[in-house]
Amino acid sequence: MPVSIVFLTAFGAGLATFALTPWARRLVDTTSRWMHPGVPLLLAAIGGAGAAVLANTYPELLAFALLSIACAVLVVMDLATYRLPDAIVGPMYPIMFAPLAAAAAFSGDWSRLGRSAAAAGVVLVVYLVLAIIAPHNLGLGDVKLSGLLGGFLGWLGWSHTLLGTMAAFVLSGVLSLVLIAAGATRRTAFPFGPLMVAGAAIGAVWGPAMVPGGG
C-alpha cells in the first residue's frame, strides 16, 4: 500500500480505538491505567500501519485494520483484568472473515480463504487441548482468540501461522524466566493474550524468513 494509506490507516485505527476505549473500560468494569485511552491508541496505530504494509488489496486492508483495532483493545483489557471478552472476540470472526472472503472473490483465489479457515481451526484445537491439559495457564478467552489470530496468519501462509503460534509460547517462556529472576514463582500468573498478539505480529512479519517454503 502507498505510504499515504499506511499513515491514514494508522490514524484511523488509533482514532477508532480511542473512541472505543470508554466502552471497553465499562465492559470489564476497571479503572486500570492500562485502559488509559492513549495505550490502546498507540497499539492500534502501530497495528494499523502494519495492516497497511501487509495488505495487498483493500478488502485485506479492511480485515487487517479491524483486527488491529480489536487486538489493541483486547491486549489492554487482558493486561488490566485477565479477560478477553466474548463481546469483542466473537463478533471479530465474521468481521474479519467477511472482507477476506471478498478479497478471495475479487481475486478468484479461494485457496487462501480455505487455508485461513483451516489455520484458524488447527490453532484453535491446539489451544483447546493445551487449555484442557493446563487450565491454569490458558483460559477459554485465549482459546477463542487463538482461532482469530490463526485465521489471520493462515491467510498470509502456513509459515506465518507456525512461527506466530510458536512465538507466543517462546515469549511466554522468556517472560516466565524474567519474572522468576525478579522473585516471582513458577505459578505466578500473567495474561497470555498480549503474548499471542505479539507472537502473531512476529509471525506476520518474519514468517517466510524464519520458516522458508512454508507459504
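Including glycine, each Cβ sits where the backbone N, Cα and C put it.
Because TrEMBL annotations are produced automatically, they should be read as predictions rather than curated entries.
Look at TrEMBL and you will find 34-54 (among others) tagged as transmembrane segment.
Residues 1, 5, 9, 12-13, 16-17, 20-21, 24, 27-28, 30, 32, 34-35, 39-41, 43-44, 47-48, 50-52, 54-55, 88-89, 92, 95-100, 103, 139, 141, 145, 148, 152, 155, 189, 191-194, 197, 200 of the same chain lie 6+ residues outside the transmembrane segment (61-82) yet bring a C-beta within less than 8 angstroms of a C-beta in it. For 61-82 (among others), the entry in TrEMBL reads transmembrane segment.
Secondary structure of the domain 'Prepilin type IV endopeptidase peptidase' (66-174) per DSSP (helix as H, G, I; strand as E, B; remaining residues coil): 95 helix, 0 strand, 14 coil. Positions annotated as domain 'Prepilin type IV endopeptidase peptidase' by TrEMBL: 66-174.
As annotated by TrEMBL, transmembrane segment applies to 88-106 (among others).
Per TrEMBL, the feature transmembrane segment maps to 118-138 (among others).
Taken from TrEMBL, the feature transmembrane segment covers 158-182 (among others).
Annotated transmembrane segment per TrEMBL: 189-209 (among others), in sequence order. Sequence-remote contacts of a segment are chain residues at least 6 beyond its ends whose Cβ falls under 8 Å from one of its Cβ atoms, and for the transmembrane segment (189-209) they are 47, 50, 54, 71, 74-75, 78-79, 82, 84, 136-139, 141-142, 145-146, 149, 152-153, 156-157, 159-172, 175, 179, 215.
Counting same-chain residues at least six beyond the ends of the transmembrane segment (88-106), those with a Cβ under 8 angstroms from any Cβ of the stretch are 24, 27, 57, 59-60, 62-63, 66-67, 70, 73-74, 77, 112-113, 116-117, 141, 144-145, 147-148, 151-152, 155.
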